[in-house]
Amino acid sequence: MKPRMMAGSSGDTKNPKIKPRPIVRIGIFLISHSIVVSLLCFAAGIVALILLPLFAKNTYISENALMPGSANSMLSSQDVKEANKLVKDIIGLKLSSEEARIEIPRLIAQHMADAGSEVYYHKFHPQMSQFYPLHFFSGSPNSGNIKENHSCVSHAINTVGIIRAPRGDGKEAIVLVTPYNSEKVELGEALSLALAYSIFSLLTRVTWLAKDVIWLAADARYGEYASVTAWLRDYHIPQFSALEKLDADICFESGYPHEQNENQIRTDVISRAGTMAAGLVFKVVDKHKETDKDTLSIYAEASNGQMPNLDLINIVNYLAVHRQGLRVKVEKLYFLLDSVFLKIVGDVLETIGKVARSLNARWEFGIPVADYIDGAATLASSMYHQALGVPTGSHGAFRDYQVDAITLEISPKVSLNNEVRILEFLLRGGRLIEGTIRSVNNLLEKFHQSFFLYFLTSPSKFVSVGVYMIAFGLLVVPLPIIAASLYCDANVLDSHCIKEQQKSGPASTNEAGIAFQSWRWLHAAKVVLVIHLWGAIVSLLPYLMYQFPEMTPTTSMLSWGLLSIASLLFLHQILGSPYSCVTVNQSPNREWAVLKSMMIAAAGIGLGLMSIINFATAQIGALLIVPMCLMVHPLKHVYRAGRLRTLAVTACNISLGFIGFPPAAFLFLKAYSEGLGSVSAGDFWNWVESLWAWNSATYLYLGLIHLPCWLLFMYVLLHPC
Amino acid sequence: MAIKARAGWLKLDSFSSCKVILFLILISIHLCELNAWSPSAMHTNNWAILVCTSRFWFNYRHMANTLSLYRTVKRLGIPDDRIILMLADDMACNARNKYPAQVFNNENHRLNLYGDNVEVDYRGYEVTVENFLRVLTGRHETAVPRSKRLLSDEGSHILLYMTGHGGDEFLKFQDSEELQSHDLADAVKQMKQKRRFKELLIMVDTCQAATLFSQLHSPGVLAIGSSMKGENSYSHHLDSDVGVSVVDRFTFYTLAFFERLNMYNNASLSSLFNSYNPSLLMSTAYYRTDLYKRPLDKVPVTDFFGSVMETIHTDSAYRGFSVKGTDKAEIKAPLNLKASQAERRALSAYHQDQISDFNKEVCSFHCIWSTLHKTVVEKIEDADTFVNYGLVVIIPLVAASTWLWR
């Protein structure tokens, strides 16, 4: 590029003797070396991201009060035998789905009541997935106002039991959730119900409870998340209006299981315990996949990248590994395990670590290749799930009420077909959950001691916010520098032009020209603003399309695309084309630079804002946006440079333009991870639909920041200079 | 004694003699000083202040420590009204306690420390640094009942036991305040000046307990801590039934030492101090003796952890105790206390030496009587006799002076 004259532009003011302050000089230095600095920063950001698995720390239990595993488990084989009876009862029901829907809650409620707890049924309607443009971040939309004509059959019934802590103050509670499909109960679901029952019946007898225990047997025929979120909403939002009660009572007779002892089991009231200290969702999955140990998978991600407090994961992990001897897993992106790139990086890191240790025995930063690859795959999964903003299980519903919750998925090492094996499995799982409850029971305050912002690289290793922020910071730093440098360049060039004009002839409109100079960014700003407005319109369009509910995903996708293009053209009709040069006075070959600097500024602000809302989204977004911002160059302009360089820049730009387009990027990733055959245009629509169904801020990010940025990128790329 | 001298002066006032007055004032000053200077005060009573500075369920062991010490000192003879017990007291009735209203310091659950007669003086949020310092220095508000005050005197041996979470030169009080080593040293100094103790044993079971003693400089203070600077104090074992650690190592081994003793035992402080095994403690017990003059192997532990066992027979209610009196008094103590009696005799002899030493320096003005004085002082065995002698001497003096004025 051309030599920069930044020092001159700000330095040669009227008084050259006064040195600018150091911070100004640093700024000038950075701007005048913007290419080198931004390249360095970007490379460092990528390297920092790749090195994250290396910086993972071992988890530790930060809250003293928890004391996991300090008490012996009290769950006996007798409890487990009782629970096994429940399994047999449920499996042996052999009912039609219609009867089972009523009979299973009745069975569970009977068991809860016999154990000596408070029981009630919670009836709820399924919720349609709807697009509410103004309901982002507001949690679940209140469905009370838009009740549709549900038939009584469409009710689902949660069964809830509450144990009041005998000597507790009743102000806090621990929630156990066992989702089951009432229409077709499988062995795994029956086992998880039995598991909960064994613990529940034990907890009615113990003397050490300080928090109430709630067991929610969630009817998951409309999805486990729906049932949990419906119950949580009714638990937290008391309904006082008589109308709603009336509505609820219409189906009273048919909707609830009939009971002999009606006075014990209530149907009309939601009884409550205290505020929830923690929620544990547990499921048994009979995978028939043989492993050497029983496996526990932990799912923690809630909506918009919120995580439960790390201490909750820590205690479960500690108890599972050190007390019950389970194998603990967290999700990972399995296709990354075979990645050649990760293997090479891992090898390099291991070698560097060995060399460092041979130089100085105290330098221990190398990790084995296998660990690195595993950590990277887990980290990528953790980052992906947080960035997506979609909860990985029904625990996500708790996070909307600031309750820490996780899903525990326990799967046996061999198929559970003989009774001894089932008993052993139930005992082990039950002791794990009992230990967790006892530990949480010891808690004095909300979980607050450990981390809320972290990525997991294994069940016992994590990267905290203080570390992974660095990578993002390094990625984003080039944006303001480049934007400033581009803008200054354009100005300097123009002032040169004007000076030359002055030399050639006395310009009458000199003053006006200079005044115009300083306002020339307005045009570029207008373009950026219009594009962002367009982004907002595009992200609101699905609301319009929901008015025609009969469309298939593919047609929806197509019409969305067409409507977007139409709205873009319409906006340009009204507000003017982006390429309309305003005056002859302006040097046209610099116009794209100002546009680019505006685009970079907008992208930087957008990324910064997004990093506050969902850090992982911003981090992954920065990986795409930042190279787009740095690389973009008008294709016409490039041809004036050397041949090789032209080729490289063009290739880079075109591939970035392809990857940067969200649908293209999504389909590309899907094809990469699942194979080409499974890809169709409707997939993107479905994916986006899931985003707004979960109120994910990632959708807003895509619509308001990423898409406009991509369009501006295309504008600059195709700029007619 | 000073009062007696003043009474004598009042009697003689009718004579209205300047010299007499001057002389008497001198004598009374002399006696006062004598009284203040010499540790003539005999070890007459024992007090214990037991402080548990932490709260919350997971600090169960600290309360168990304190209650164990409470039980021990009670067993060894300190009565309840001389024990100031400061406890958060939130364990026994904690909802998390598997054994309601019981506190154990061992997983065998043989001994319930929270029995029928535990008198907690400062409970819950009353356990503050302010209240602790008020107890030590005796500066209470008027409404504070006597049972919550440390009513010790110059003859008191005080045991101050503290446990909780500490650090370098501080001790946390219930996660909200800190007691610093300066504060402690300052309070002890005030106590010394106010003659609130004769000897003070500070025993601290926290992390880095030794650092809490670094500022102490009042004589008569003996300090022992569970760990040196930079060391942690660890819990001894976990009761997996209750689900918490129930006792700290240092306190556990202290209790183990005392369990072997009864109140008539003569085990010395040095044997207690030597009983701590750093490998069992996982920390180094530290004791500071430079402020304490008596040899540790001569001091029975019951001097602090027990109570004075002598019953002193006095002729009248008024006379009170005296150094001579104790020697002469009929001592109803069991035979195995003889050693300590002998030691006490030695002690009182030592006091008398001090008195005579002091008297050597007196008398620049009354040279005439100096020799007389000396002999008298050497002969006297207690202050009362001394006063009597003084009065006898005064009579001819007064007679002579009145005669001269005429």
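Keep in mind that glycine also has a Cβ here, set from the backbone N, Cα and C atoms.
TrEMBL: automatically predicted annotations, no manual curation.
Annotation source TrEMBL lists transmembrane segment at A:23-56, A:465-488, A:527-546, A:558-581, A:593-612, A:618-635, A:647-669, A:699-718.
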Exercise. Could you name the stretch, out of A:23-56, A:465-488, A:527-546, A:618-635, A:699-718, with the greatest number of CB pairs under 8 A to the transmembrane segment (A:647-669)?
Key: A:618-635
Practice problem: Look over the recorded stretches A:23-56, A:465-488, A:618-635, A:699-718 and say which has the most C-beta pairs under 8 A to the transmembrane segment (A:527-546). | Solution: A:699-718
Quiz item: What parts of the chain pack near the transmembrane segment (A:618-635), using Cβ distances under 8 Å and only residues at least 6 beyond its ends?
Solution: 38, 42, 45-46, 49, 383-384, 387, 468, 471-472, 475-476, 478-479, 482, 592, 596, 599-600, 603, 607-608, 610-611, 649-650, 652-653, 656-657, 659-660, 665, 701, 705-706, 709-710, 713, 716-721
Quiz item: Counting only residues 6+ away from its ends, which parts of the chain sit with a Cβ under 8 Å from the transmembrane segment (A:23-56)?
Solution: 1, 4, 6-7, 10-11, 345, 349, 365, 367, 371-372, 375-376, 379, 455, 457-458, 461-463, 467-468, 470-478, 481-482, 484-485, 488, 619, 622-623, 626-627, 630
